[in-house]
Amino acid sequence: LAQSLLALFASSLAISLVFAIIPLCHNVVVLAVVMAVAGLAMGCIDTISNMQLVKIYQKDSAIFLQALHFFVGFGALLSPLIADPFLSDTNCILANGTANASSNLPHIRKSLVPHHPGNLSHYDLPMKGMVVTRVSYAFWIMALINLPVPIAVFFLLYKERMVPCFNGSSHPLLSADELALETRPGDKDELSTAAQRPHTAAGHEDLFSCCQSKNFRGASFTYFAVHITGALVLFMTDGLVGEYSGFVYSYAVEEPLSVVHKVAGYLPSLFWGFITLGRLISIPVSYRMKPATMVFINVVGVLITFLLLLIFSSSVVFLFVGTASLGLFLSSTFPSMLAYTEDILQYKGCATTVLVTGAGVGEMVLQLLVGSIIHDRGSYSFLVCGMIFGCLAFTFYALLVFFHRMYPKPSPELDEASPDKAAVPEDTGQYQR
């Protein structure tokens with residue numbers, strides 16, 4: 001826990017520093033390095049927060065994961081609203097002179113709309129040099145908004161006596177196993193005994209314990225298959241989130257829909273708004289519904305939505321309806337898949353790392369893939385790609401369920417010998433589905 005909190009403190013502080021530095025970067029290489037640091041920090045936060053929620057709350061983690069990802073969607077919805085007042089209403093194109101700009105006008109138009117099939121002459125471009133914006137203020141405001149987060153994490157480290165220089169005078173916020181004793185009164189004696197064990201025994205399980213080769217000795221084929229198929233489901237669904245939010249605007253403004261640019265600009269906001277709403281709804285729903293059932297509803301809903309979008313591809317109204325529907329179905333896939341996979345693998349937290357990595361890679365790769373396909377094949381391929389990825393997500397989910405049926409249930413002897421015995425109650429087996 002100390003290592004995780006220190007990593008969260010360093011990562012969240014790095015994000016504030018990066019956002020403060022971005023407006024000062026006047027070289028694209030420096031900007032690329034700074035953005036790489038930001039991506040690394042965000043990846044650490046994403047992985048550690050999910051992993052720790054799974055390890056702390058175990059069979060109850062689904063509710064907390066849904067709450068965590070609700071705030072992820074809420075931040076994605078809120079941050080553009082913060083930046084919007086500081087953006088310019090025109091294109092920011094720097095021209096050395098009117099003659100230069102006029103000679104390059106066809107090239108500039110094609111670079112802005114490289115795959116537009118119609119006449120490009122109706123795109124008006126500014127011809128008076130650089131358009132000045134105050135977008136730097138948006139980055140600095142975001143840096144200030146984020147600053148309380150590392151301060152809060154440092155305060156938690158201090159109160160839990162995990163800061164080497166300040167561990168003498170503070171008192172922990174919660175005594176050892178207090179939360180577990182309140183939530184599982186039947187296990188009070190067992191957890192009290194576990195709390196009295198020497199800390200050196202638990203100290204061997206550090207932040208990277210799931211990467212040690214000894215944990216894979218004697219592991220069955222289904223153990224690895226559950227990890228891989230779960231990661232592939234998130235590869236497809238998170239890739240769909242990135243692909244759809246990134247290209248739905250481009251799809252809407254082109255033929256046959258030809259939506260007005262300002263109206264099409266509402267589509268990504270509508271998509272993220274319904275993702276946030278869906279994650280809020282999923283918090284109470286996950287208390288009553290199994291994670292496996294929620295994932296099944298999600299992937300089937302994504303398939304049906306893309307099928308209807310293909311059928312009614314010429315309808316602007318249904319594009320908005322389908323965007324909202326897709327946001328709802330994709331909203332809880334990530335946290336539900338984490339809860340389902342960790343439920344199969346006994347809440348060790350290792351699967352979370354694999355799944356978060358698979359989701360991040362999918363979000364990166366599918367956007368690059370779809371962008372190149374749209375450029376070559378036209379806007380309709382945007383929906384076709386979404387349908388294909390939805391089918392693959394459903395296929396990988398069916399394989400995950402198949403491997404779950406084959407996965408061996410834990411035996412009492414293995415549970416007694418496990419070093420995680422103190423963290424996993426004896427009746428964990430009843431949650432195997």
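Any Cβ shown, glycine's included, is placed from N, Cα and C.
In TrEMBL, annotation is done automatically, which means it is predicted and not curated.
Feature annotations, courtesy of TrEMBL:
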type	residues	note
REGION	411-433	region 'Disordered'
TRANSMEM	30-49	transmembrane segment
TRANSMEM	61-82	transmembrane segment
TRANSMEM	137-158	transmembrane segment
TRANSMEM	221-241	transmembrane segment
TRANSMEM	263-281	transmembrane segment
TRANSMEM	293-312	transmembrane segment
TRANSMEM	318-340	transmembrane segment
TRANSMEM	352-374	transmembrane segment
TRANSMEM	380-403	transmembrane segment
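Below 8 angstroms of C-beta separation, residues 222, 225-226, 229-230, 232-233, 236-237, 239-240, 243-244, 247-248, 250-251, 292, 295-296, 299-300, 302-303, 306-307, 309-310, 313, 340-341, 366, 369-370, 373-374 of the same chain, each at least six residues beyond the ends of the transmembrane segment (380-403), sit close to that stretch. Only pairs six or more apart in sequence are counted, and the transmembrane segment (293-312) with the transmembrane segment (263-281) gives fewer than three Cβ pairs under 8 Å, not enough to call it a contact. Contact between the transmembrane segment (263-281) and the transmembrane segment (352-374) does not hold: fewer than three of their C-beta pairs are under 8 Å, each pair 6 or more apart in sequence. Counting Cβ pairs under 8 Å that are 6 or more residues apart, the transmembrane segment (30-49) and the transmembrane segment (318-340) reach fewer than 3 and are not in contact. Outside the transmembrane segment (221-241) by six or more residues, the chain places 275, 295, 298-299, 302, 326, 330, 333-334, 337, 340-341, 344-345, 351, 354-363, 365-367, 386, 389-390, 392-393, 396-397, 399-400, 403-404, 406-408 with a CB less than 8 A from a CB of the stretch.
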